[in-house]
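A.B. asks: The structure that follows is given in the form of structure tokens.
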Amino acid sequence: MASFPSLRLLSILGLILLATTTDAHSYSGADYYKDSCPQATAIVTDMVNNFVKANKNLAGGFLRLHFHDCFVRGCDASVLLNSPTNTAEKDARPNAGSLRGFHEIDQIKAALEAECPGIVSCADILALAARDATVKVGGQSWSLDLGRKDGKVSISSEADAQLPSPFSTYDQLVQNFSAVGFAQEEMVILSGGHTIGRSSCGAVQPRLYNFNGVAGLTDPSIDPSLAKELKKKCPENEPGSTLAMDSTKNTFDHLYFKAVLNNKGLFQSDANLLTNPVGKELVTRYSKAGSSFSSDFAAAMTKMSNIQWATDGEVRRVCSIINQ
């Protein structure tokens, strides 16, 4: 006759399993601050809503900060650290001069330090701000575990190497996302975050002038009417304007994918989503109103927020400086 383990043994095994699985994310959970800082998430939500109400451009800024944080060393707020030698992640080519929201994150952190000193990590603030800002401009909310710790290392060369580029090929995008655990389908879904993004002319001008080193050539994959419009906003060899990445600008919707499908994506990387059958099929699907884009994006963001939490971290008192 088969023997069965005793209830006591099962209880012990259960406790071991619980400890093992909980350890992986520093005893995390959506209610992580329920006892230590009950107002934490409400404070973040209220402040983010007020910031975005005053400046809708910040929605894309908060989302991008979280994205660029998690892709390098995981979701540990290393993107917020300052460097006296300008060699931190925020100084890297994809980040310098274009990341937004640092001042607002500092204000949120100060409010949380006043409410419950030394409790809420900057990494959690970034994760909450990205979600709440996206919801504020029409996106779907997503589940979010809390309890991240703040990392102590931030290196610009790592950000240069690991963050996707606006000039990436489809295969390069797949490689960048695969390195942090995403399938190519999730890469396409997360590219949809560009619906609330914006760009400098510098990321677009290589498509408009002397494309691929050919004098006078404009990228043939870009819609001619869009190219004409962009050349007015982005004259050759001039800084030019700030550009919205889809027609509804600061509203989270499907129109980024519609633009890409119609050869009106701003980045070369956007256009390159159509160069692969999987990418093209997903762009086509998500370009339609009523698609599953919003819910699929939310699921992918939950996954992104769980990339490699810091194992040797702290809760910074000031988000830009390691505790002394």
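Placed from the backbone N, Cα and C atoms, the Cβ positions cover glycine too.
Automatic, uncurated: that is what TrEMBL annotation is.
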A.B. asks: Pick from C201, C319: the cysteine that TrEMBL pairs with C234 in a disulfide bond.
C.D. replies: C201
A.B. asks: Looking at TrEMBL, which one of C37, C70 makes a disulfide with C116?
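C.D. replies: TrEMBL says the disulfide from C116 goes to C37.
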A.B. asks: Which residues, in sequence order, are found in the same chain with Cβ within 8 Å of the centroid defined by the Cβ atoms of D69, V72, G74, D76, S78, E89 at the Ca(2+) 1 site, excluding those residues themselves?
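C.D. replies: Filtered neighbour residues, in order: H68, C70, F71, R73, C75, A77, V79, G151, S154.
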A.B. asks: Using Cβ-Cβ distances, find the residues under 8 Å from D69 (Ca(2+) 1 binding site) that belong to the same chain and are at least 6 apart in sequence, listing them in sequence order.
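C.D. replies: Correct list: C75, D76, A77, S78, V79, L80, E89, A123, L126.
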A.B. asks: Give the distance between the Cα atoms of R64 (site 'Transition state stabilizer') and H194 (heme b binding site), rounded to the nearest whole Å.
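C.D. replies: Between the alpha carbons of R64 (site 'Transition state stabilizer') and H194 (heme b binding site) there are 9 Å.
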A.B. asks: Rank aside, I only need the closest one: which of the recorded positions G74, P164, C201, D246 has its C-alpha nearest to that of C319 (disulfide bond)?
C.D. replies: G74
A.B. asks: Quick check for the class: what is the C-alpha distance, in angstrom and rounded, between V72 (Ca(2+) 1 binding site) and C37 (disulfide bond)?
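C.D. replies: Counting only the Cα atoms, the answer is 28 Å.
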A.B. asks: When you measure from the Cβ of G74 (Ca(2+) 1 binding site), how many other Cβ atoms are you left with inside 10 Å?
C.D. replies: 20
A.B. asks: Among the recorded positions H68, G74, C116, D246, which ones place their C-alpha within 10 angstroms of the C-alpha of H194 (heme b binding site)?
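C.D. replies: Of everything listed, what lies within 10 Å of H194 (heme b binding site) (Cα to Cα) is D246.
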